[in-house]
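Everything on this sheet refers to the single structure shown next.
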Amino acid sequence: MPRRILVTSALPYANGPIHLGHLVEYIQTDIWVRFQRMRGHECYYVCADDAHGTPIMLRAQQEGVTPETLIDQCSQEHQADFADFAISFDSYHSTHSAENRTLSETIYLRNRDKGHITTRIVRQAYDPVKGMFLPDRFIRGTCPRCDALDQYGDNCEVCGATYSPTELKEAISVLSGTPPIERESEHYFFKLNDFEPLLKRWTQGGHLQPEMANKLNEWFEAGLQDWDISRDAPYFGFPIPESTDKYFYVWLDAPIGYLASFKHLCDREGLDFDSFMTPHSTAELYHFIGKDILYFHALFWPAMLHGAGFRLPTAIFAHGFLTVNGQKMSKSRGTFIKARTYLKHLNPEYLRYYFAAKLGSGIEDLDLNFDDFMSRVNADLVGKVINIASRCAGFINKHFQNRLADRLVEKSLFQKFVAASEHLAQHYEAREFGHAMREIMALADQANRYIDEQQPWVAIKDPERKQEVQEVCTLGLNLFRQLMIYLKPVLPMTTEKAEAFFNSQSLTWSDVDTPLLNHTINRFEPLMIRAEKIKIEAMIEDSKEHLQQNTNAVKPTALLAEHPIAETIQFESFAKLDLRIARILKAEQVEGADKLLRLELDLDGETRQVFAGIKAAYAPESLVGRLTVMVANLAPRKMRFGISEGMVLAAGPGGKEIYLLNPDEGARPGMRVK
């Protein structure tokens, strides 16, 4: 019986371009959605631009345009990128829409009327020069725990500590460069703890991946806190009903944007919105997200929906981050690659296939290794799958007037491909795309072996074996057709070319057991060319050039204006720091820590354990064996996860933009930096 399914991907922020890291999620989701449609299910895929918040307001001011103009331009760029990567949204909307405003107000008011909203006075950092309250990320200063310089207003990327902006030492506003002052303001809070019993049942009820459900247990143990859902003017967003100069925090109306985009689709296509969103709906609702935004989607979002009388998600599927060549995406190395830069040089279906080949149902990070990328594309897609058609089509085109034989010469092989259908469908359904790709390539190997054994290029020289050649090539092309059916969720554009070659209608999953016989095909045209190293290298260089252009456009004093040089110290003060070269012997994730990696450092005979807030920037395995610089005489600090016996040095604003110091060749562990 056909299922009714609504699927969403996380909303990209309308303040910058789509890059390859974003595309992991959209490609993963699109493959799953296309598979559901091929199976005959009623499946809708919606998304939108996340178009509210302080960063958008400030960027619009800097560019001298309205926020609406900025987000419209960004939306056009995003949609063009998605279309060229064959992401098949049924609706791509914006959180700055009439539908989203209505739904946000409805959800807020229903929760308020049930007593789930409260207000209280909070003390916040305020920029007197800019005349606005400052989000935590717009405040920088010295960590109150470890004294690391240039840290955000809410957490330290070095030691992992969290704190309030008022605790930050020597704090400054990144907007004006002046110290913020404290000012009181009334804020609105969502009482998340009201929903704790519901959320415990739901998060442990099979709606999340096991590792994600386990992670949520830590938050339950710590106690669910009220969630601040308001921001003060000036702010780009929706005003809170019956309030003055108060706006919904972007994270309140962003997930509601899923429903707004679907409502936009329903109004356009005459669909019944309520039949998908009422508590007892039989429709299915799935959210694909990055593992870093689980807290909002698995706690706040279900609670808000339940409080407003809507149904809860059927499941939330989280995925890991993208690394490139074993390291975080880097602008300096040219591996921070925008979607548009990729499209300028390479076939988008190369990336769709590579991601599919490496994606599973878990939350492990995915590494894009360009040597492996080129090898897999050329060996699997061109060398195996497409090769079957190119080996057989020429004989049919040239010797048989484009006509396929009227029978299958070896039905058992065809049926073997048919028999793989349900197992492959199970892999697709479970998001185990990597398993599916391996099994499909194993089938392609069998098809190529069959052609090798039959040698139609030899048989065609014997006039008495002409019919044999037609039958062998007919079977080969039917096996190729079956493979294209199985690969259609991953390679929709190549499959469309194959459908034109076969002179057939759009292929569905059920077509796999029906051979194409006594049928006229079209002349074969190359369906895909090999990936070339020179084009990959050109893409990387082009990404570096974009960085250079952007760098030249920024005033040379921009960083210093944002982060002024600290007060002058005497040499004696600097000499108190014992900086040493250290080699990273081990690097591993810390269970229960969102930002920390545990490093084991060699100081030439002495080993130190250091916890570093670099998890978002580096895959642990990419750090092993590298040299770095550490503060060796920093007093040991007891943390929840163990004793940290020093500090490694890094530059950058934090998060994924962290750059470990890397000594030049010749430096050895234990050497002092002076």
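For all residues, glycine too, the Cβ spot is worked out from N, Cα and C.
What Swiss-Prot says about this one:
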- 12-22: motif ''HIGH' region' (MOTIF)
- CYS143, CYS146, CYS156, CYS159: Zn(2+) binding site (BINDING)
- 328-332: motif ''KMSKS' region' (MOTIF)
- LYS331: ATP binding site (BINDING)
- 573-674: domain 'tRNA-binding' (DOMAIN)
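Sequence-distant contacts of the motif ''KMSKS' region' (328-332), counting only residues of its own chain at least 6 positions beyond either end whose CB sits under 8 Å from a CB of the stretch, comprise 19-21, 322, 543-544, 547, 616-619, 656. Less than 8 angstroms from the CB of CYS159 (Zn(2+) binding site) sit CYS143, ARG145, CYS146, ALA148, PHE611, GLY613, ARG637, MET639, SER644, MET647, each of them six or more residues away in the same chain. For the motif ''KMSKS' region' (328-332), the model's pLDDT averages out at 83. In the three-state DSSP scheme, CYS156 (Zn(2+) binding site) falls into the coil class.
Of the listed binding-site residues, namely CYS143, CYS146, CYS156, the sparsest Cβ surroundings within 10 Å are found at CYS146.
Mapped onto DSSP helix, strand and coil, the motif ''KMSKS' region' (328-332) counts 0 helix, 1 strand, 4 coil. Within the motif ''HIGH' region' (12-22), the DSSP-based counts of helix, strand and coil residues read 3 helix, 2 strand, 6 coil.
There are 16 other Cβ atoms within 10 Å of the Cβ belonging to LYS331 (ATP binding site). The two recorded residues, the residue listed as 'ATP binding site' and CYS156 (Zn(2+) binding site), have Cα atoms 23 Å apart. In the domain 'tRNA-binding' (573-674), helix, strand and coil residues by DSSP number 7 helix, 47 strand, 48 coil.
Secondary structure at CYS143 (Zn(2+) binding site), as computed by DSSP, is coil.
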